[in-house]
Amino acid sequence: MVQLGKLLRVLTLMKFPCCVLEVLLCVLAAAARGQEMYAPHSIRIEGDVTLGGLFPVHAKGPSGVPCGDIKRENGIHRLEAMLYALDQINSDPNLLPNVTLGARILDTCSRDTYALEQSLTFVQALIQKDTSDVRCTNGEPPVFVKPEKVVGVIGASGSSVSIMVANILRLFQIPQISYASTAPELSDDRRYDFFSRVVPPDSFQAQAMVDIVKALGWNYVSTLASEGSYGEKGVESFTQISKEAGGLCIAQSVRIPQERKDRTIDFDRIIKQLLDTPNSRAVVIFANDEDIKQILAAAKRADQVGHFLWVGSDSWGSKINPLHQHEDIAEGAITIQPKRATVEGFDAYFTSRTLENNRRNVWFAEYWEENFNCKLTISGSKKEDTDRKCTGQERIGKDSNYEQEGKVQFVIDAVYAMAHALHHMNKDLCADYRGVCPEMEQAGGKKLLKYIRHVNFNGSAGTPVMFNKNGDAPGRYDIFQYQTTNTTNPGYRLIGQWTDELQLNIEDMQWGKGVREIPSSVCTLPCKPGQRKKTQKGTPCCWTCEPCDGYQYQFDEMTCQHCPYDQRPNENRTGCQNIPIIKLEWHSPWAVIPVFLAMLGIIATIFVMATFIRYNDTPIVRASGRELSYVLLTGIFLCYIITFLMIAKPDVAVCSFRRVFLGLGMCISYAALLTKTNRIYRIFEQGKKSVTAPRLISPTSQLAITSSLISVQLLGVFIWFGVDPPNIIIDYDEHKTMNPEQARGVLKCDITDLQIICSLGYSILLMVTCTVYAIKTRGVPENFNEAKPIGFTMYTTCIVWLAFIPIFFGTAQSAEKLYIQTTTLTISMNLSASVALGMLYMPKVYIIIFHPELNVQKRKRSFKAVVTAATMSSRLSHKPSDRPNGEAKTELCENVDPNSPAAKKKYVSYNNLVI
């Protein structure tokens, strides 16, 4: 019979003429009759309209034998569900009234080739021709029972079986509705146009499984598939959807071969292969019951309890049988199953079945023996010997365990879908006819298929039963997790559902040993905050983590970006934050010293100025040149004041005052000193040439010259104001160190180092010029005592500013630039002012206060005395002296008496002329 089926399948697919098929019917009839003599192989129920049924009543047989042991749940439960549905429909006056549904139910033995041979029974009536002229080899006409016409088929179960059967049913336009086949390829309406199913395809299931895996944070999984259409196509769909979704990688795809010599060794090898990628703990399984059981057993033998995270397809569902004796290795397994509900009416129906009231089921006696582990004395077919005999009084659910099989609901829905289609077809074609009218009998499968695709009713679970254009049912799944710890009822727990989108109650989930924390199945642990992923070529789920360095932050998982100019990375480098703004604070050590010196200087300056004002008409004050002394003291005071402006918090007003007073104090001081030294120099130079007094040596002239020199500084400042108005800035370059944590923005006036030097440059020029005059007047006699202190002042000041320049510019790249430069500048100005104050005025103040007896006018100087001193000084400069240290020079000066009659003879007296 097997070889006949294969031959007929080939001939049918090759579209041989019907006459050839007619000849083969003789052989088919004889073979069918012979098989009926061997054992009953189908269920026949008479009716006005006959539906075919394909169920895996038996498992695959060993090599050479088509069928094996009976399958109690997947086989008998589902078969009885069809019988139950037929009873309900035939007793329903509102569904197919006056029409009785019959059935021809066959066993597929869980094998696609055997199912194909069995399904030829459904097409016999369609290829039946006039056989009056047909003779068998012995000359006799063929003898066979006229087959009933099957208008539609319920089944099959396995996807590979449905694919094989669908190929032949479509040739004869027989609609087919499956209750369990989920292979995605069956959605191809061009190849399987007469195929429909009340369960969603694996493409929906695969999408749901991808959503589950991603919801749990897993991105590195392995797949395991039973060889065949269901397993391989399911994994193919899962892989394709995961690629489209992104963020999910397949570590390895393992296929379980169908033909195995040693099951134990093969499954142990599979577990070892899965362990080659230890980070891929999640295993997505599309496998049959037996393969699931064997893989769990192999994992237990490998002592991998708790390692693998199983994600099972609907072939696993909520079944208990595959987990028997392997509950510990299966704990935490997540399984998916088309949304279903227990059909209570079926439970009552099935538990009431006995050998007496269920004779229509030709396999029920065999089920009875298997279910109650007994042996029937007459019609039993149980192979193994047993001492216990079946009494026939056993009861299902009472004397044996019973739990409704998961696909019972879908079998019932499939039968009802066919019934509703026939009902609408009957109403349209047989409106005025009771029963099946000729039009309906001749309508054909294509018309029935149209009605099937348009059915819409509430199924046994209360959910709508409908089909899309490809014949697929909507995707509705329940999601379970197998839990044995921390529960009073170990078993499958409903943790979510999927209907186009995932709803998962993660808080209800637990894993091995009752752990609530979701285990990981990732190639590489997520990068820490502030690190970016650098993916490995070919494995986007595997990466190395590279820290964002410098002023970079983690922009996204793959990218580090630089923070804006005025920001730095936050602590974990996940974003940017503003760089702290700093300025020189009053309490800073860098500010305390300059402020202290400035305050001392200001006090001293005020004291000197007050003393000079108090003793304004005394000889020492008058001899110092009162007008320029007050100007010089004002400049010294401003040199001290600039310290406070340099440390004050920058704003527009402070910055404006900085520009004005930065060089003004020094300019006033050195302008006054320059005027003094220039006056001394001109007087003595003029004295060498003539007895006529030089011009512009009066106090008014001296003030005018000093004011002119100062006005140049002020003019430059006003031009600076016009070209570049004062403003405040935040300088981020100054303190932008290699370590962003130490980065600071410096709040300061918009004054560059070059502008500072330019502002001080004019004052430095005055200082240098004054120093030159101090050098030139170094030979002035001691009686003209203003020149020497000025000279010492200028020498010291030059040393101070020569030290200032390298310090100021040498710290341009230092992190402490703000502090060092400000402190250096203010201290330099304080020292310059202090040197001038100390050398020029402190000795005079000391005499005024502590030795007032010396503050008297000794003699009046006339310009004649100055000329005489200048002449003698000139002579001495050209005549070598035998006395060291200028003693001769002093002696000569002392011998000159400007009050002698000779001196007064030719010259006018300059009693009020002060040097």
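Just so it is clear, glycine is given a Cβ too, placed from its N, Cα and C backbone atoms.
As recorded in Swiss-Prot, the features of this protein are as follows:
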DISULFID  Cys67-Cys109  disulfide bond
CARBOHYD  Asn98  N-linked glycosylation site
DISULFID  Cys249-Cys541  disulfide bond
DISULFID  Cys374-Cys390  disulfide bond
DISULFID  Cys430-Cys437  disulfide bond
CARBOHYD  Asn458  N-linked glycosylation site
CARBOHYD  Asn486  N-linked glycosylation site
DISULFID  Cys523-Cys542  disulfide bond
DISULFID  Cys527-Cys545  disulfide bond
DISULFID  Cys548-Cys560  disulfide bond
DISULFID  Cys563-Cys576  disulfide bond
CARBOHYD  Asn572  N-linked glycosylation site
TOPO_DOM  616-627  topological domain 'Cytoplasmic'
TOPO_DOM  676-702  topological domain 'Cytoplasmic'
TOPO_DOM  776-788  topological domain 'Cytoplasmic'
TOPO_DOM  851-915  topological domain 'Cytoplasmic'
MOD_RES   Ser900  phosphoserine
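Features per Swiss-Prot, on structure.
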{"residue": "Asn98", "record": "N-linked glycosylation site", "Cβ contacts under 8 Å, 6 or more apart": "Arg434, Gly435"}
{"residue": "Cys109", "record": "disulfide bond", "Cβ contacts under 8 Å, 6 or more apart": "Pro56, Val57, His58, Ala59, Lys60, Gly61, Pro66, Cys67, Gly68, Ala115"}
{"residue": "Cys249", "record": "disulfide bond", "Cβ contacts under 8 Å, 6 or more apart": "Asn219, Tyr220, Val221, Ser242, Cys523, Thr539, Pro540, Cys541, Cys542"}
{"residue": "Cys430", "record": "disulfide bond", "Cβ contacts under 8 Å, 6 or more apart": "Val436, Cys437, Glu439, Met440"}
{"residue": "Asn458", "record": "N-linked glycosylation site", "Cβ contacts under 8 Å, 6 or more apart": "Pro464, Val465"}
{"residue": "Asn486", "record": "N-linked glycosylation site", "Cβ contacts under 8 Å, 6 or more apart": "Gln510, Gly514"}
{"residue": "Cys545", "record": "disulfide bond", "Cβ contacts under 8 Å, 6 or more apart": "Thr524, Cys527, Lys528, Gln531, Arg532, Lys533, Lys534"}
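If you measure from the Cα atom of Cys548 (disulfide bond) to that of Asn572 (N-linked glycosylation site), you get 10 Å. Computed over the topological domain 'Cytoplasmic' (776-788), the whole-number mean pLDDT of the model equals 64. Helix first, then strand, then coil: DSSP counts for the topological domain 'Cytoplasmic' (616-627) stand at 7 helix, 0 strand, 5 coil. Note: the Cα of Asn572 (N-linked glycosylation site) and the Cα of Cys374 (disulfide bond) are spaced 71 Å from each other. A distance of 78 Å separates the Cα atom of Cys374 (disulfide bond) from that of Cys576 (disulfide bond). The Cβ neighbour count for Cys542 (disulfide bond), using a 10 Å radius and every protein chain shown, is 18. Note: Cys576 (disulfide bond) has non-local neighbours Tyr553, Cys563, Pro564, Gln567, Arg568, Pro569, Asn570, i.e. same-chain residues 6+ apart with C-beta under 8 A of its own C-beta.
Residue environment of Cys560 (disulfide bond) contains 19 other Cβ atoms, counted within 10 Å of its Cβ in all protein chains.
Between the alpha carbons (Cα) of Cys560 (disulfide bond) and Cys390 (disulfide bond) lies a span of roughly 77 Å. Of all Cβ atoms in the shown protein chains, 18 besides its own fall within 10 Å of the Cβ of Cys523 (disulfide bond).
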